[in-house]
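Swiss-Prot annotations:
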TOPO_DOM  16-851  topological domain 'Extracellular'
DOMAIN    23-101  domain 'Ig-like C2-type 1'
DOMAIN    188-271  domain 'Ig-like C2-type 2'
DOMAIN    287-374  domain 'Ig-like C2-type 3'
DOMAIN    380-463  domain 'Ig-like C2-type 4'
CARBOHYD  Asn383  N-linked glycosylation site
DOMAIN    473-556  domain 'Ig-like C2-type 5'
DOMAIN    566-651  domain 'Ig-like C2-type 6'
DOMAIN    659-744  domain 'Ig-like C2-type 7'
DOMAIN    752-834  domain 'Ig-like C2-type 8'
MOTIF     897-902  motif 'ITIM motif 1'
MOTIF     922-927  motif 'ITIM motif 3'
MOTIF     952-957  motif 'ITIM motif 4'
Amino acid sequence: MLLWVILLVLAPVSGQFARTPRPIIFLQPPWTTVFQGERVTLTCKGFRFYSPQKTKWYHRYLGKEILRETPDNILEVQESGEYRCQAQGSPLSSPVHLDFSSASLILQAPLSVFEGDSVVLRCRAKAEVTLNNTIYKNDNVLAFLNKRTDFHIPHACLKDNGAYRCTGYKESCCPVSSNTVKIQVQEPFTRPVLRASSFQPISGNPVTLTCETQLSLERSDVPLRFRFFRDDQTLGLGWSLSPNFQITAMWSKDSGFYWCKAATMPYSVISDSPRSWIQVQIPASHPVLTLSPEKALNFEGTKVTLHCETQEDSLRTLYRFYHEGVPLRHKSVRCERGASISFSLTTENSGNYYCTADNGLGAKPSKAVSLSVTVPVSHPVLNLSSPEDLIFEGAKVTLHCEAQRGSLPILYQFHHEGAALERRSANSAGGVAISFSLTAEHSGNYYCTADNGFGPQRSKAVSLSVTVPVSHPVLTLSSAEALTFEGATVTLHCEVQRGSPQILYQFYHEDMPLWSSSTPSVGRVSFSFSLTEGHSGNYYCTADNGFGPQRSEVVSLFVTVPVSRPILTLRVPRAQAVVGDLLELHCEAPRGSPPILYWFYHEDVTLGSSSAPSGGEASFNLSLTAEHSGNYSCEANNGLVAQHSDTISLSVIVPVSRPILTFRAPRAQAVVGDLLELHCEALRGSSPILYWFYHEDVTLGKISAPSGGGASFNLSLTTEHSGIYSCEADNGLEAQRSEMVTLKVAVPVSRPVLTLRAPGTHAAVGDLLELHCEALRGSPLILYRFFHEDVTLGNRSSPSGGASLNLSLTAEHSGNYSCEADNGLGAQRSETVTLYITGLTANRSGPFATGVAGGLLSIAGLAAGALLLYCWLSRKAGRKPASDPARSPSDSDSQEPTYHNVPAWEELQPVYTNANPRGENVVYSEVRIIQEKKKHAVASDPRHLRNKGSPIIYSEVKVASTPVSGSLFLASSAPHR
């Protein structure tokens, strides 16, 4: 039987304890023991994440641990064991043990029980167990449930701790006891502790009280209220949600025991903190320092007492005595108000005195008291600011007079050769001083006196000898001209007006020493040299007679150097100059005095100028065009002489322009078989130029033009040469492509085929005859013309498939027909097709007509027999029957024969049979057509190749007498298909 112990886990409340909290596992349903087969949902809740997130679950059972992960914080389980969870970045939770019991009776209890909770214990039984309504605590009967399954603890407290179980009876067997559940009631929060910002505050200072506690993690959402007390008196307004209480000022009367209470809402659980003593501290007052004897003349050796006293009594006070801020002595006294020290006066005891009193709450100083010890002055000492015997004119000298001993104030007097100079009074130690600038008259003996009321004391005399330093020298040139040429001789003169001998002169050029000379008296020295270009610059001289050199004003010397022959450099952004590039002409004379004016030339024509004020080089920029090819030079001039550079040649390459592609053919319209010339030419561009020719972006070939200009490429045209053409020009800089040019190669029309189409077997006056003309080859648009006996009937245009012309037949329409096809490249004429329109004679009446009709019927019968025989023979020969099922209905209509004239297609061999029934004057000729296909037959439109009508054609009507109107017959030299 499993004993389950509920663990207490605390969470921080009000920020008192900072630590990383563990997540908590919550159960649904809330029981730790359930029957096997039931499910329990575990929820992992953390206190630093507020939305479900990826969670790890650890399940340990019988020594084995299984790790699972869920995308959220929920896991549904059915297995017994110990479960823990871990959210991202959190520690592992405390373990929760679940028991999926196979017992017939179980007692269910919640995972955690806290003081003040309403607790339900549920006794559940399987079907074969009957409850006896008894629940036990620590094996003692606790209650009879009277058939109820739940036992309620309305307000849990520590007395409810114990082991609980319930009992029942198995049917026809024995008593059954449930598992034992151990209940341990936990406090929802820890006992509070009172904290104070200070337990020994100084009187008048504020204090903050804090009631610290921790809520259990399972009860972290339970609100707490707080109440603060001093002794048994409530502070403030009573219960508050804040764990802090502010006392704005603490006084001595506020000392006492302080404590606090924390309670859950609605005050079901209340806990008191321990009591803490707060002692208000009173700091010492400012002490008073007194001297004794008072107002006495304090000579050296007199005994003086200093007394320091406060106004309040303290358990212990530390007194300290100070002289000019330096500690002298200290005394610690108990329950006394003051302390004293005594000493005999010396000269060092003069000054300010004060004391401090400290009772542990900070030292408080007294006001300062001054003590003056009277001492006669000693002989003063006179000092100069410089120990040197030689003092130069203009220097600043300080005389310092000081008596080493003597009471203040002291009156000091300075003297020069017995004459009083100046007097000064000193109220502090250190003496006095006077300063002045020396002249030659200040040479002589000096002394000083000191007097503090007991008679003046005189110092020893000090001698002062004033030396005159040299004045600023003046540097001059031998020539007043500012411009001096290379090779000339120049003399520098350096001279001073005043100064004690001996004087050292030094000459400098740009701070570099040139020459020096020493003279025993005031005057000047000179220095000469021949000029070179390097002598340009600033010159000065110095004069020194032992008191530091004096420097003259700077004199500038400019040595003018003629310019040398300049060097011209051409700079372009690439190895070869190209139109559009920025050309920099760089001209530089290696030697020559500035400023230098540079001129730039192209083919001796001035481009421009540029000045170099400081010497060196100059540049001139050009944006290149084709005209900039040629010779360049530059010139340098600094006013003395002009120098011309060598000539440099520049060749400017011109990128090819976009080429133009043109077609050159023998006629306006390109025709199959023509020789086409493709001419490509770039109007601009440096040679050589390589031309590429393209048809539908496929390279046809390339041709080079070494001297520029255009290039041509020839083609013998076929129908495949229709399409888009372009060309490309490239002279090594950048290839340029022409615009696309479309070429359409025209095909001349072939010889057309003329076909006559009538609605019946015999053409009769009034029938609608269709003349169809078609050229099997030829570029559209094709114009078809129709002719009857070479007389134009009409014309039709057609892009494809031929054209037709309809005629309503009359007797005059018999004769020869032809057609012509023309697409602008030459007309082609079809072969002639003959059309006969005939009829019976006028005396076709009575018996004769009947005889003729009978004869015609006989002939028709013979013709039908011949047709059947011909079809049978055709089948035996493997030819397609006339009634081919693949034909369309229009193709099988025997009433719409079609007549063609197809040149070189089939050779027809007619067999003629005359039919002249009863000797009448109308003779019919029967034509049997024998078709012999030639190997070189020309293909035609499939619709013209179908078999239409009977293979027997009445090709000619011979009239023996005057024709009469009647049925019409058609004859054609074209084969019947």
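Glycine is treated like the rest: Cβ placed from N, Cα and C.
Mean model confidence of the domain 'Ig-like C2-type 1' (23-101) amounts to 88 (pLDDT, 0 to 100 scale). Secondary structure of the domain 'Ig-like C2-type 8' (752-834), assigned with DSSP and counted as helix (H, G, I), strand (E, B) and coil, comes to 3 helix, 45 strand, 35 coil.
According to its DSSP assignment, Asn383 (N-linked glycosylation site) is in a strand. Assigned with DSSP, the residues of the domain 'Ig-like C2-type 3' (287-374) fall into helix, strand and coil as follows: 3 helix, 54 strand, 31 coil.
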